[in-house]
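> This is the structure, below, for whatever I ask next.
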Number of protein chains: 2
Amino acid sequence: VIGFFVFSCICSEVRGRCWSVDPLLSSSYLLQDSRGRPKEIPHNEKLLSLKYESLDYDNIENQLPAEGAPCLRWVVCGLIGFLTGLVACCIDIVVEEMAGLKYKVIKENIVKSTEAGGLSISLILWAVLNCAFVMVGAIMVACFEPIAGGSGIPQIKCYLNGVKIPRVVRLKTLVVKVLGVMCSVVGGLAVGKEGPMIHSGAVIAAGVSQGRSTSLKRDFKMFEYFRRDTEKRDFVSAGAAAGVSAAFGAPVGGVLFSLEEGASFWNQMLTWRIFFASMISTFTLNFFLSIYHHKPGDLSNPGLINFGRFESGFLGALFNVLNYWLTIFRIRYVHRPFLQVIEAMLVAAVTVAVSFTMIYFSTDCQPLGPEHSEEYPLQLFCADGEYNSMAKIFFNTPERSVRSLFHSQPGTYNPLTLGLFTLTYFLLACWTYGLSVSAGVFIPSLLIGAAWGRLSFCPLNERGIVLLSVGGIVRMTLSLTVIMVEATGNVTYGLPIMLVLMTAKIVGDYFQEGLYDIHIKLQSVPFLHWEAPGTSHWLTAREVMSSPVTCLNRIEKVGTIVDILSDTSTNHNGFPVVPAKLCGLILRSQLIVLLKHKVFVELARSRLNQRKLQLKDFRDAYPRFPPIQSIHVSQDERECMMDLTEFMNPTPYTVPLDTSLPRVFKLFRALGLRHLVVADDENRVVGLVTRKDLARYHLGKHGLEELHLAQT
Amino acid sequence: VIGFFVFSCICSEVRGRCWSVDPLLSSSYLLQDSRGRPKEIPHNEKLLSLKYESLDYDNIENQLPAEGAPCLRWVVCGLIGFLTGLVACCIDIVVEEMAGLKYKVIKENIVKSTEAGGLSISLILWAVLNCAFVMVGAIMVACFEPIAGGSGIPQIKCYLNGVKIPRVVRLKTLVVKVLGVMCSVVGGLAVGKEGPMIHSGAVIAAGVSQGRSTSLKRDFKMFEYFRRDTEKRDFVSAGAAAGVSAAFGAPVGGVLFSLEEGASFWNQMLTWRIFFASMISTFTLNFFLSIYHHKPGDLSNPGLINFGRFESGFLGALFNVLNYWLTIFRIRYVHRPFLQVIEAMLVAAVTVAVSFTMIYFSTDCQPLGPEHSEEYPLQLFCADGEYNSMAKIFFNTPERSVRSLFHSQPGTYNPLTLGLFTLTYFLLACWTYGLSVSAGVFIPSLLIGAAWGRLSFCPLNERGIVLLSVGGIVRMTLSLTVIMVEATGNVTYGLPIMLVLMTAKIVGDYFQEGLYDIHIKLQSVPFLHWEAPGTSHWLTAREVMSSPVTCLNRIEKVGTIVDILSDTSTNHNGFPVVPAKLCGLILRSQLIVLLKHKVFVELARSRLNQRKLQLKDFRDAYPRFPPIQSIHVSQDERECMMDLTEFMNPTPYTVPLDTSLPRVFKLFRALGLRHLVVADDENRVVGLVTRKDLARYHLGKHGLEELHLAQT
């Protein structure tokens, strides 16, 4: 209760910053009205936000001399793998230690109270401890870095897809993410620590590869060659793979995850580097964990989670439908950090209350194993030498519960226990996902699947295949299969696992999209799928493109450029360069650097020995190019001319007016473009295709539908 | 000896056909002189052959109505997996049975002879048996289907890269391949049966997906929708993956192999279908083998080969250098089927002689295991209850030898045995690869690696990591690592395996390219690598393109079209359609179908109720469109006009003149193009870029080099 006061103080202080960020999974979908107060916008999945930019995956080829540093890429990938493994190790150890401590304290209290009476004190102790942890986690996320909420997988999917999500790969995000996930797991929420590892890996990759940090305001003058979107995106793929690898001990699964989500163009060397990062990451984690467990050299612990074998059904679709409505509700009504933190604490308290009630009323007693294989056995009202079986699942970290469900002897749990657990945990997990805490959905869905599977299939094949609710919820296929195969260490189960995943996907797709896709859609991100909608060949570039296009001349007046860049109503990022016919394409960021360095024709003549602008100058400004407002151009300078020839991309990709949408889509997606010029028969610019033009067509229930574009 | 006569009779009969084929790995690099006799051409790796066409991976979008059949693709992939598994199973069982029979006969003879004296009779019996098998295999390959020689992996690599290799996916090739590999393995050559499985899977895929067979002259009227290059290539990827999967029990490795070699554009659904085919294939093989071994349901036998754990060094580079010189020698001097069969038989005889000598003079006796774990123990001059250890490796199929090397107790072989074996087997394998027999190089290199590893590292970590000479020889990386991990069933060894593969690749690359790449280069195939050579940005489309281009008018005279198509000196396959400006692209195959159906403007007017030409007509002619000479066009018809508007691709991809080579390359490779039009500022056609224009630049020892184009 005291926490609320502390919290409101903190929050009112940082509120200014809270409003100004635009997170993906938190709920600040807010326009500000004239007095700066947030107002709610009518938000649904039929909108496409215009605030997200594309990454530039196409290399800018201009007349500036280029350099190369292929060997360094391996070093960077190695570093990424190492650091990701280290972070995973850190999370694992801290969670183990703190959860251990917490459960020990509560257990002692319960044991004491069971004898003395007054179990309600134990309940309160448990609730307060959990709420405290969750509060810390929720405050960090809600107030300091909303983008660090959730698992981060949808954000990374979007980033790898080529959408620039603001703040997603910052150091601050990493710190909040790592501390947040520790708090959530120790706080006893129905969450896992695997999803956040993927996001963490990506942030580490972005940071390491750039050799500098904006949050720390340090530039290590390293890896300057990699300071552009193309390279950064490649490294982020490697980081995400390393994250998967560390989370599940599945290096190949990591590579496939990155490729499934991110690859538009398969590149062998890149793939191999990604694989290298994955391997190093698993290895590092293993190595340090083996030292922590006092068994140095025993590398049998490949990931944060290791399980036996398993599966679950169409529960996934139900989960997604419920979570979909919940998310809509949250976007509408729970958009203040204050409310978000309260909701998180409420969930924590309810989780404790439910767990406690279940344990309290459970009559499922089991004999204690010979070697104390149960971690925190609660005797409660069971006979001596027995323990409460319900407590074994609830009174533990989710990872341990999963392991226990997979590996315990049949008969360890009675069906009533399992049924109640499945039901309550399902609802809790569903409520939890989307809270403003840093948390993953993988382990909870695995836990539900395991309990459900044990309930329904145990007599059939005891530790055999259990339906994979994970597949039903997240709908990843190839990479998930490989992750499962690698985590279980058994290839033979590959086919059944894949068949189950396929069934889960087909059944699930019939009712509702995958969880990550739902969240991406609800955030109106211009996400490009693999192919254009099936029924869209009758659409051509003529209908799809944006026009008219703001073009620049090869030698343009500075005043014109400044005016065009300052025009907030259009806010274009790429400008075809023309004297009538198309002869190049130049980006806003390039123009801003040119303006900043005052590369004007007149000045070049007067100052002959002036240093020529180099690629380095563009890189130094990357990725946060200053806004045009911050660049002062005097009235005299406005009359100067700028020669863009040397800096523009002289051969942008073009398509004719009659090109069909699938064809435009394929070119755009395969080459990772940001701007695609539409030219007429005479090679004159008539339009420009950007990401939003392609992303807004989708196959709805009534055939091809077009999303509305929204400024937010 | 008698065989020679038989053989020359057969060969002289089929000689006509022998000359007319253009295989990839056999050695008929022949020009015919004026009297039809073959003459040798100066052949080296600085040539680029013009006889190979590209596959059309770009969808032709014209005004003809399209159809779709997405569900059928899954059915086809399932069928491909099933049949591939079945074929693998077949090969396995036949080889097991026949090799068993052979070794039994010889063993009995040896046992008899050892007592009675006259071991030379055994030697001759052994040699004659082996030579007979090898002769059958070699005759089939050399005379009937030279393309079925070797492992087939280079050919499949080329096909997946987008090069149309003639006859590579025919049913006849499959039959020769399957029978050939049985003969080679049973014939005791230093070869494996895994490589050919990949080729077999690809042929099965091409056959099944087309729903007809030209060899059998049957059209099953199924899967007509898939009769185009795009679909066929996708299915062939799936088939190759299924082949890998059946060969090594590595479904994920199979998917990665296909992607590493073939994918230009990663497509999630395609990947998943490939994976499905792989899984089905492993499963089928497993299922039938388990029945064969009288243990139905025990699916612990995932691939044709299953091993423990392992590695080898820079032997790979040496192997490749030797094989490179040998291949050059073969191309120059061993190009008649007659000589090829003799060489194959010679190798078989030498193999027997060497094995026999080694066994004969070996003094390495080992006690017999308790349960007859040795398959064909030869006592020879050892004491009772002992067997000859050298015979254990030589007197067996290579698969069994590998398993024995990996799984036997330390001390089973003494170092001298291993050393001699490694040396001789290395030379034999090197000589064998490239013979006109159907055979793989994977198992031999594994065997060398295993023996070498056991020799050098055994005391260190007995069944531990052995250096992978395979990696050194074939230089596959990601997919090979995964194959190894899947085949050994242990993820923990992933990192060491990858590090070894990397080392092997780096060391090997320093001396010589990978074996498959060498063979591809020696055949002058226009193979496109992942990226354009690093130092080529100064080259632009202007220098790279072919010009002048033969263009057609939108409404063109039939006579002109026939003349252009008949012009053997140019022999173009794609024609830009222009009235001054570019307005479309039409293929030779399309024009031929149009001519065949006499789609002339004048006729359309006179016969109003004539059936309109449909997509089906184009598909029916696929893939063997008749040559222009076979189409009769009367003098009157030559004066008619053809309207190409409806059939041409109206929006071909274009690049401006100044586009750099890497940029052209990326577009071409990523979209799997066959023709890329180069247009000037006014959108007029100035050139055409095809595969050979891009493939001829490569990074040699003296910087960027250009290959010479050769008609053969």
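Just so it is clear, glycine is given a Cβ too, placed from its N, Cα and C backbone atoms.
Found this in TrEMBL, in case it helps:
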TRANSMEM  A:71-95  transmembrane segment
TRANSMEM  A:123-144  transmembrane segment
TRANSMEM  A:235-258  transmembrane segment
TRANSMEM  A:270-292  transmembrane segment
TRANSMEM  A:312-329  transmembrane segment
TRANSMEM  A:341-361  transmembrane segment
TRANSMEM  A:425-452  transmembrane segment
TRANSMEM  A:464-485  transmembrane segment
DOMAIN    A:648-706  domain 'CBS'
> Would you kindly list the residues that approach the transmembrane segment (A:235-258) from elsewhere in its chain, counting only those six or more residues past its ends and only Cβ-Cβ distances under 8 Å?
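The answer is 76-77, 80-81, 84-85, 87-88, 156, 159-160, 169, 193-195, 197-206, 208-209, 226, 270-271, 273-282, 284-286, 301-306, 442, 476, 478-480, 482-483, 485-487.
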> Quick test of the contact rule: Cβ under 8 Å, at least six residues beyond the ends. What residues does that give for the transmembrane segment (A:71-95)?
174, 178, 181-182, 185-186, 193, 197, 200-201, 204-205, 208-209, 223, 225-226, 235, 238-239, 242-243, 245-247, 273-274, 276-289, 292, 304, 397
> Considering every residue in the domain 'CBS' (A:648-706), what is the mean pLDDT value?
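Across the residues of the domain 'CBS' (A:648-706) the model's pLDDT averages 87 on the 0 to 100 scale.
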> Just give the helix, strand and coil counts over the domain 'CBS' (A:648-706), going by DSSP.
16 helix, 23 strand, 20 coil
> Give residue numbers and ranges for long-range contacts of the transmembrane segment (A:341-361): same chain, 6 or more residues beyond its ends, CB-CB under 8 A.
3-4, 7, 11, 119, 122-123, 126-127, 130-131, 133-135, 137-139, 142-143, 187-190, 330, 334, 378, 380, 388, 390-391, 394-395, 420-421, 424, 428, 431-432, 435-437
